[in-house]
Amino acid sequence: MKLAICGLGRMGTAFAEAYLKDDGFTLTAVWNRTPREIAGATAAASPAAAAASADAVLLMLFDAAASAEVLFGPDGVAAGAAPGTLVVNATTVAPEESRRLAAEASAAGLRYVEAPVLGSIPAVRAGTLHVLLGGTAEDTAEADALLVPLSPAGSRRRIGPVGSAASLKLVANLALGAAVAGLHDAVRLGAELDVPREEILTVLLRSVLGRLVENKYERLRADSYGDADFTVGALAKDLGLALASTEQPLPAVAAAHALASQAAAATPDADISALGRSVA
């Protein structure tokens, strides 16, 4: 299958590198708003140019607005793609936003599958991402086959029609946000009580936060949060989507959103584990 990728942030770049290593796919072109070179990949001048020679286009962008611009802007995917081209959008967006994108894609003669992922750059490199698929049964089956280099068998699941996978991704990120907020408070309390940081991290490894602390241990131990797997800016955006998607009160998420937003205002590109940074 001939594939184009639009969006070369750290996740999109990791996607491209994974496909370049897989002989079962031809990465025909990549595109990024700020031009970026990836060894072995052809950089297209526009999303339209990237899509022109592809059977499928994989998007990994920041939000729904970026998705709409890349798909339907003057030089967007729809302007260059052949009728029936499959668009697989791995961007985290709200369910209603995803349904709007799918409707516009259909009107433009494109097929659309939402494919938000659970996991970050280490999982991409290991080929162990979990992928949630939303779309028609036929289109999600094609997307499932497309995503083999990123995700093992059994870790790609069709949740239902467009909007269902986007909904479940918000649920997953809601839980992550609450966990990160718990990490923040646990580290802060330990520091206030003069508990050595190493002891705080050791006991948290044995707590319900163990998986998070294990994944972020080296960052937390070194108190260093650059070269992010998942940024506090992205977490703040995703938690905002969760809050906006319901009229029900979500107090834990509201608190996590406030913490992430405060951190993002200062260091938007820091890893989410920065919420567990040392207390000055």
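Along the chain as shown, residues are numbered 1 onward.
Cβ atoms here come from the backbone N, Cα and C positions, even for glycine.
Annotated features, as they stand in TrEMBL:
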ACT_SITE  Lys169  active site
DOMAIN    2-148  domain '6-phosphogluconate dehydrogenase NADP-binding'
DOMAIN    163-275  domain '3-hydroxyisobutyrate dehydrogenase-like NAD-binding'
Same-chain residues at least 6 apart in sequence with Cβ under 8 Å of the Cβ of the residue listed as 'active site', in sequence order, are Thr92, Pro116, Leu118, Leu132, Asp238
In DSSP terms, the domain '6-phosphogluconate dehydrogenase NADP-binding' (2-148) comprises 58 helix, 31 strand, 58 coil
Simplified to three states, DSSP reports the residue listed as 'active site' as helix
Its residues classified by DSSP, the domain '3-hydroxyisobutyrate dehydrogenase-like NAD-binding' (163-275) shows 84 helix, 2 strand, 27 coil
